[in-house]
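Q: For 12-32, 44-67, 79-102, 108-129, 136-161, 167-188, 200-223, 259-278, 298-319, 331-350, 356-378, 490-509 (among others), the entry in TrEMBL reads transmembrane segment. According to TrEMBL, the domain 'Major facilitator superfamily (MFS) profile' annotation covers 13-514.
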Amino acid sequence: MSEQSPVKNPWKAYLGLLFGSFTIIESLSFQIPVVPILTKVFGISVASAAFIGLCYYLTHIVFGPIWGNIGDQLGRKRIVLTGMAIFAASEFMAAASVNFPMFLAARLLQGVGSACVVSSGLAYASYLFPQEKRGAALGTFSSIGTVGAAVGGLIGGIVVTRFGWQSIYLINGTLALLGMILVASTVPETSRNQRKPFDYIGAILLLLTIGTLLSVTTLVSNLGAGSPTTLSVLALGIILAVVFLNVEKRSSHPFIELSLLKNPIFIVPLIVYFFIQLCNTGAMTANSFFVNGKPGGGPQVVGIVSMYSYLAGAIAGFTSGKLIDKIRIKYVMLLGITIFFVGIISFSRFNVNTPVWYIAMSVCIFTAGICMMMPACIKMALSIVPSNKLGAGSGTYTMLQYMGNPAGSSVGLAVFGSLSASALAAQLTTSAQKMGMSQDMLPALLKAGKTAGKTLDPALADQLTKMGIKFQDLYTPANVQAMVGALNKMSYIILGVTVVVFLLTIIFLPSQPVRPTEDTEERVA
């Protein structure tokens, strides 16, 4: 029997959750223009900046199914309010951070709180709306979050430039408190299932597994793929994953719904979206460094580009929600992948003199592509989840889906950092030789390039003075050209992945009827 909503006006009740999603996603988009600033504030490398996203997504991913299970048993409204309170406190903590470890601790708490809103928002869509109207609800949920990202990207760039990076976290904390009031007054409580034992061992093992595996890409960038530490952490992550799966198979109350992972209707859209999300996040992260460092760029320009891209994504997400209630979901997903592919082709054409409007257009196109896919993937996957397990099912889905974000951020930063570093060394060497710098000064020049000129050898400084040039006169154009080369190479990799995903979708993705008539419980494999 399906869980029935007692609410006469589901859209009014959905308003509080939409605002909560807006606040959470807005806070994520704030990170796009602020990450390059934080690398300077805390004195960390570009590769180490991956920990900013990794810490957030680590807890966001793991706590998705945790809050989903608890919400099924205690009521989802209570869980949403708890999560928003945690999120508000973590934002104020981030603003007060005096060092990088404290900031990372705040990011961990942010992930814990945001996991409540996202997983519950998806579950409420199925609770409040009938099957034939859920596409519109999911599309709106996706679009509102994307609008939040657009506003956050714009405000983030402006606020960071004018008031400092701390101010964006103060704004988010305040919005989260306002969101709690709205949720408390508009969102209905859901029915409660019978309480069951909580799988503490599974939760701990999953936290350790995901944290270990997600840290591998950052270790590769900092220590190298062949480093004993990197290989040891990778091996440990694989072992933990095997142990976790075996524990879950034997548990009478597993932490995640493993049965869902055997159903192609659930797992295929998830895999497809994961890889596109990984590519999208990597491209967005690399682009933020490029725009921030190119002539005429900066945090505010990054924010403006982000704003337009997310507005395009909001339109695409809303359109997708309408389409998946009328045509086959598979066709909507293929359309989204095609749009993403076109955007990355445009992205691959960047050069030093590429105007901001072209950059914004390219990012808008591939963002629209992935946002077109999101509601389609969610509706297909959740269509086979029993109504009494919507919290757990949506939590499991979001846990696996959102792994593409930290993986994309870590992989993107690692690949972009590695490609741009090698290209920068070549560009600096060529430029210095053309200007007549002596061969014995090149090692010192390359060393200075790694710190953007913060550490300058006295002998090198003396020779630059005699040559009548400043270090930044060499570094700035070489760095921009190096980033262009790195972006171009990343684009070709992403295009290859997109082609593979497109083919997998055609071959393996099951088609769904336009208007399924069977109850959800009857369709569980």
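Glycine is treated like the rest: Cβ placed from N, Cα and C.
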Q: Under 8 angstroms for C-beta pairs, at least 3 of them, ignoring pairs fewer than 6 apart in sequence. Is the transmembrane segment (44-67) in contact with the transmembrane segment (108-129) by that rule?
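A: The answer is yes, given that the two segments have at least 3 Cβ pairs within the 8 Å cut-off.
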Q: What same-chain residues lie close to the transmembrane segment (79-102): Cβ under 8 Å, and 6 or more beyond its ends?
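A: Sequence-distant neighbours of the transmembrane segment (79-102): 16-17, 20, 23-24, 27, 42, 44, 67, 70-71, 108-110, 112-117, 120, 166-167, 169-170, 172-174, 176-177, 179-180, 183-184, 187.
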Q: With the transmembrane segment (331-350) as the reference, find which of 108-129, 259-278, 356-378 contributes the most Cβ pairs under 8 Å.
A: 356-378
Q: Can you work out which residues elsewhere in the same chain, 6+ from the ends of the transmembrane segment (259-278), have a Cβ less than 8 Å from its Cβ atoms?
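A: Residues 329, 333, 336-337, 340, 369-370, 373-374, 376-378, 380-381, 383-385, 393, 396-397, 400-405, 407-408, 411, 497-498, 500-501, 504-505, 508-510, 512, 524-525.
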Q: The transmembrane segment (108-129): which same-chain residues, six or more beyond its ends, come within Cβ distance under 8 Å?
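A: Hits for the transmembrane segment (108-129): 3, 5, 7, 10, 13-14, 17-18, 20-21, 23-24, 27, 55-68, 71, 76, 79-80, 82-91, 93-94, 136-138, 141, 176, 187, 190, 378, 382, 385, 387, 390-391, 393-395, 397-398, 402, 520.
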